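Undergrad: So TrEMBL lists these for the protein:
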{"type": "BINDING", "residues": "ASN109, HIS114, GLU119", "note": "oxalate binding site"}
{"type": "BINDING", "residues": "HIS112, HIS114, GLU119, HIS158", "note": "Mn(2+) binding site"}
{"type": "DISULFID", "residues": "CYS37-CYS52", "note": "disulfide bond"}
{"type": "DOMAIN", "residues": "64-214", "note": "domain 'Cupin type-1'"}
{"type": "SIGNAL", "residues": "1-27", "note": "signal peptide"}
Amino acid sequence: MAVFRKMFPLIMVIMALLAINSDKACAGDPDMLQDVCVADLTSTVKLNGFPCKNMFSAADFSSMVISKPGATNNTFGSLVTGANVMAIPGLNTLGVSMARIDYAPGGINPPHLHPRATEMIYVLQGELDVGFITTANVLVAKHIVQGEVFVFPRGLIHFQKNNGHMPAAVIAGFNSQLAGTQSIATTLFAATPAPGVPNDILAQAFQIGTMQVQQIKAKFAPRN
């Protein structure tokens with residue numbers, strides 16, 4: 001019994017670590033506790049997800065939001081259209097969502113990451129050069145074609161580029177109702193409020209001058 005008393009604190013620490021690691025093993029959203037919890041997107045209550053609406057209908061579980069190509073006449077030549085909880089309230093607590101990504105010839109979905117989900121894309125049309133970078137700084141890249149799927153692991157920086165002469169499009173699936181997106185360049189050079197990330201931090205990190213940092217920030221500044 002005396003030995004057990006001495007070992008008890010160590011046992012509790014081990015159990016806590018196991019519990020934490022077990023929780024981390026759950027890669028998607030938390031499990032739901034009821035059949036449905038249609039998101040009340042107008043509620044001012046802040047919680048992990050969205051409060052449930054009292055009344056709902058089939059319309060809350062349906063959408064045509066990704067049925068048509070998105071406009072790609074922008075700086076990057078691509079557009080991501082989300083079919084997530086913000087567009088389909090019925091997805092609240094279900095831990096799944098989709099998106100459609102359209103690319104003009106030469107268009108790019110620039111390096112970004114999804115903090116809350118793994119992503120799998122299916123090529124609807126065209127061809128793409130895609131890839132992700134591991135935490136060991138290893139690039140995993142491939143040229144993918146119509147009908148092919150490719151997976152981007154949760155939290156890893158990844159990209160897609162249409163190097164072809166024809167438009168391309170993919171359907172993406174996520175194991176989160178709202179995967180979240182952080183575009184690397186925009187996050188670093190267009191953070192708000194102004195002036196954003198200090199110039200000397202970016203200059204030292206990228207081994208460039210502060211004048212170059214200011215020039216890059218100017219490219220990401222909102223256009224009036």
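Placed from the backbone N, Cα and C atoms, the Cβ positions cover glycine too.
Curation does not apply to TrEMBL; its annotations are automatic.
Help me picture where these features are in the structure shown.
TA: Neighbour density for HIS114 (oxalate binding site): within 10 A of its CB lie 22 other CB atoms from the protein chains shown.
All chains included, 18 other C-beta atoms sit within 10 angstroms of the C-beta of HIS112 (Mn(2+) binding site).
Residues within less than 8 Å, Cβ to Cβ, of CYS52 (disulfide bond) and separated from it by at least 6 positions along the same chain comprise GLN34, VAL36, CYS37, VAL38, ALA39, ASP40, ASN92.
Mean predicted confidence for the domain 'Cupin type-1' (64-214): the pLDDT average there is 97.
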Undergrad: Can you tell me the CA-to-CA distance separating HIS112 (Mn(2+) binding site) and GLU119 (oxalate binding site), as a whole number of Å?
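TA: Rounded to a whole number, the Cα-Cα distance is 12 Å.
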Undergrad: Just jot down the residues in the same chain as GLU119 (oxalate binding site), at least 6 apart in sequence, with C-beta under 8 A of its C-beta; none if empty.
TA: VAL151, PHE152, ARG154, HIS158, ALA172, GLY173, PHE174, ALA179
Undergrad: Beyond HIS112, HIS114, GLU119, HIS158, what residues of that chain have CB atoms within 8 A of the centre of the Mn(2+) site's CB atoms?
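TA: What remains near the Cβ centre is LEU113, PHE132, PHE152, LEU156, ILE157, ALA179, THR181.
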